[in-house]
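Engineer: Sharing the feature lines straight out of TrEMBL:
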{"type": "ACT_SITE", "residues": "His307", "note": "active site, proton acceptor"}
{"type": "ACT_SITE", "residues": "Asp496", "note": "active site, proton donor"}
{"type": "DOMAIN", "residues": "275-586", "note": "domain 'PKS/mFAS DH'"}
{"type": "REGION", "residues": "275-408", "note": "region 'N-terminal hotdog fold'"}
{"type": "REGION", "residues": "437-586", "note": "region 'C-terminal hotdog fold'"}
Amino acid sequence: MRGSMLAVGLSEQGIKPYIDKLSKDLEVVNLIVGCINSPKSVTVTGEVTHLDSLKSILDKENILCRRLKVNLAYHSSQMKEVASLYQAAMGELEVDYTGHKNSPEMVSSVTGDWIDPGEVSQAAYWVKNMVSPVRFSDGLTRLFSGSAPNSHKRLDGSHRRTRDIDHILEVGPHSVLQGACKDVLKNIENDTPTEYFSLLVRNMSAADTVFAVFGKLHTAGYPIDLSLVNGIDSTGHDVPKSLPDLPEYPFNHDTSYWHESKISKDHRLHPFGRNDLLGVSDPNCNPFEMRWRNFVRVSEMPWTKDHQVNGTIIYPGAGMLVMAIEAAKQVAEQGRTITGFNIQEARFRAAMIVPPGTHGIETSFYLHPVKGIDSKSSSSFEFRLCTCENEEWIENCTGSIQIVYTSEDEPEMDKVHAEELWNSQLEAYSDATNACTLPVDGPSLYDRFLNSGYDYGEAFQLIDKLSISPVQPCVTAQVKRFSSSTGETIHPTTLDAILQTSIWTEMASETENIPTTAPKYVRNLWVASAFENTSSGILRTHATRTVGSSFTSPSSDIFTFDEALRETLISVEGLETDVNSSENTEENTTSPEDLCYQVQWKPDLNLLSNIETADLCIKEYPDLTEDTEEFLGDLNLIFMARITETLKILSEQQLKPSQPHLKKYVDWMMDRQHLLDKGLLQFATEPLKSRLVDPGDLQDVENRLLNLNKRGYFYVTIARNLLEFLTGGMDPSAFFEGDMLKEFYSEQLHESHGLRQAGKYLDLLSHLNPKMKILGVGAGIGSMTEVMLRTLGNTETSDPQYAQWDFTDKSGSSFASVQDQFHQEAGRMKFKLLDIEQDPEKQEFECGTYDIVVASMVIQATSNIKDALGNARKLLKPGGKLMLFRRGFETGTLLRREAMGRTPSPDWILWPGSPSTRI
């Protein structure tokens with residue numbers, strides 16, 4: 001027998017019915033419960049094939065189970081084969097038990113009760129231990145059930161078994177019993193808090209974990225000999241000695257023969273020359289408040305005149321951030337290698353306007369360490385840029401910057417984290433490259449910038465290529481490096497070009513000019529020092545835009561790599577912009593009464609009849625257009641032709657469906673054919689009837705549908721492979737593993753007139769009550785949530801028009817992907833398990849509290865639709881709304897397209913009615 005073990009998240013009594021059921025099915029089952037770990041966990045041991053059968057049953061009922069990586073069925077009858085050899089090999093065991101009052105007591109995992117030392121010293125006990133179930137749960141329960149803080153001492157020493165227990169220590173290769181211990185303790189009435197420790201933890205240093213446990217036990221009052229723990233010889237050898245003082249120096253520096261002020265000395269021996277961006281450091285400053293003074297002039301920095309916004313020369317915000325980097329380089333520790341610079345919480349408080357003449361504008365840049373007086377050891381600084389304009393000082397930019405030094409002994413966890421971060425950034429760039437399919441060339445790009453108020457000269461026209469995503473705020477670009485000989489880590493023009501890509505995340509879905517914007521805030525900017533030395537003249541960049549919420553503004557994230565994609569050189573996170581005012585832009589003019597509020601008028605659903613409400617929604621999004629009617633007509637033609645052709649081949653070749661559920665599918669096809677033969681379908685009359693058997697015409701229609709849209713491609717592909725699906729020549733599941741099904745659903749959702757009409761209805765509901773509590777039911781609710789949140793979250797005020805959205809699923813398998821998809825809604829979205837066929841009150845739901853219950857593709861799949869609808873209604877408030885969605889007929893179709901567009905599998909849901917009429 002080939003044995004193994006299976007961990008199951010059930011109790012000993014809970015697993016028994018499943019083993020009994022399997023015994024009835026297989027007659028003989030070599031399975032037993034080998035370990036009772038806790039009231040919620042057991043380990044089943046036995047033959048591998050029987051374990052696999054049991055696992056299949058448990059998986060179908062979503063019961064947690066996992067095969068262990070062992071090749072023997074420990075604690076089962078299989079172990080009896082070696083029991084006699086095992087006992088003979090042990091022979092007579094020696095007893096080393098003194099009966100001292102401090103001798104340890106033991107609870108047996110074989111009996112789950114206290115055991116005497118004499119019994120443990122017998123070989124028969126250990127044989128029994130090998131072939132019997134491990135009763136860890138019973139043993140731990142017994143250990144704690146006898147705890148008593150004030151027990152009396154007894155002559156037989158049994159009082160030692162009634163001690164108060166407040167710590168558990170596991171000695172083993174990993175903390176495998178931690179969960180079991182916690183489950184057992186939850187079921188025990190134990191007034192004393194109990195802590196759990198494990199000497200060893202997987203993937204952690206054994207020295208760290210062991211010393212940590214000793215330290216915790218010592219602080220808890222246990223008699224730990226720290227001298228032995230720390231390896232100090234108790235005899236006094238190798239004991240570290242204190243050094244009372246440093247050796248004396250023979251030199252005398254009491255007498256000085258030269259007196260010079262620090263200002264004079266710093267002026268003579270300045271460690272850095274003038275920096276074009278910063279100027280020179282003030283000799284009167286100190287390490288606690290460094291200051292650089294400069295004059296920014298177009299004549300000295302001609303590239304500044306190429307950065308004009310609405311006709312005014314504006315010093316770029318990127319240049320202010322580069323000032324912070326250059327200042328940090330001058331205060332960095334000598335002799336240490338710098339990995340990069342991390343700028344955080346940078347705020348642009350006022351624009352820095354550069355006069356076109358030779359006078360320029362005076363700047364003062366301040367830098368002081370975050371750690372206060374300990375300036376020499378600080379690697380983090382706060383900075384501030386001020387300018388003097390019209391004899392008045394203005395604060396232009398503030399933030400903090402950290403110098404990140406290279407560490408030779410970087411912790412392994414940091415290396416792992418850095419590797420994971422790099423992989424995620426590279427994957428995001430790859431996804432963006434695939435998504436951004438609309439190219440924009442350089443000249444037209446900057447022409448469009450010019451129309452929006454950005455008058456960028458040659459120095460700032462560094463975006464060489466750019467591509468836009470048609471479906472999401474995302475762009476990719478190639479940026480050229482500005483050729484400079486002044487020695488900056490990164491030139492302001494290059495960094496500004498990288499930031500320019502964020503503007504295109506706003507313009508990607510717009511055809512008109514957008515208002516001119518300027519950077520307002522940068523949450524985090526990383527600049528690698530390797531940027532200064534890279535030989536790459538081209539930088540690969542991608543930018544994405546995140547929609548804001550009621551508490552946050554829209555922001556952009558930008559990542560820039562070298563041309564070969566070897567490392568991340570620049571990363572910008574949380575870039576926010578402000579709209580600049582323009583005298584020539586009418587749309588930027590805001591009337592005083594619109595500054596704080598707006599009044600919106602919409603129809604009150606409470607005053608409308610059902611017919612009036614339906615007319616209001618349908619009027620804005622009519623069902624059919626001329627193009628839609630032609631598309632559906634072509635689909636019906638192809639469907640009927642393929643059905644006729646497939647039935648003919650099945651009959652002539654006497655082929656039968658490969659699966660029972662496919663027999664019902666063929667019955668449905670025969671019903672369609674019967675209606676056609678009786679003249680009850682439109683194809684029964686000319687000229688459509690002759691088109692059904694015209695191969696050339698059908699080929700042209702199929703080719704047109706294949707190239708028309710994703711839905712046409714999907715349906716035609718299904719129709720062409722219908723015979724293969726029915727006869728088992730092709731596996732539908734494997735057929736749809738690619739992106740075809742995903743693209744079909746995406747297009748269907750975004751173009752569905754019914755969903756748009758529902759969105760209009762939802763918009764009117766949210767106008768009545770912008771603080772609705774909504775419950776989504778069913779596996780299909782993920783896609784539906786995306787559609788509905790476009791209505792609830794896309795208002796003129798950018799405030800979501802709902803208070804709470806409870807996302808539910810029967811199994812919870814979709815929670816992780818949905819949480820990632822709607823991470824910006826985390827504060828309002830909750831995730832709960834819900835079986836709509838069961839009473840929601842028994843599933844810890846508060847009935848009568850939801851304004852809307854949305855059910856997508858789930859009600860029709862239940863075994864009892866009446867009960868499911870009743871449970872959904874129980875969750876609604878009085879006057880609440882139940883919105884049901886399912887894919888089905890579209891107006892104008894003669895055939896059920898979903899019959900052709902569903903993968904032929906047993907869980908099809910095609911026709912309404914009793915379970916016997918469903919396919």
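Every residue gets a Cβ built from N, Cα and C, even glycine.
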Engineer: Can you tell me how the residues of the region 'N-terminal hotdog fold' (275-408) break down into helix, strand and coil by DSSP?
Structural biologist: 23 helix, 64 strand, 47 coil
Engineer: Just counting, how many other CB atoms are there within 10 A of the CB of His307 (active site, proton acceptor)?
Structural biologist: 24
Engineer: Whole-number Å only: compute the distance from the Cα of Asp496 (active site, proton donor) to the Cα of His307 (active site, proton acceptor).
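Structural biologist: Their Cα atoms are separated by 10 Å.
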Engineer: To what whole number does the mean pLDDT across the domain 'PKS/mFAS DH' (275-586) round?
Structural biologist: 85
Engineer: Let me know how many other Cβ atoms fall within 10 Å of the Cβ of the residue listed as 'active site, proton donor'.
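Structural biologist: So the Cβ neighbour count for the residue listed as 'active site, proton donor' comes to 25.
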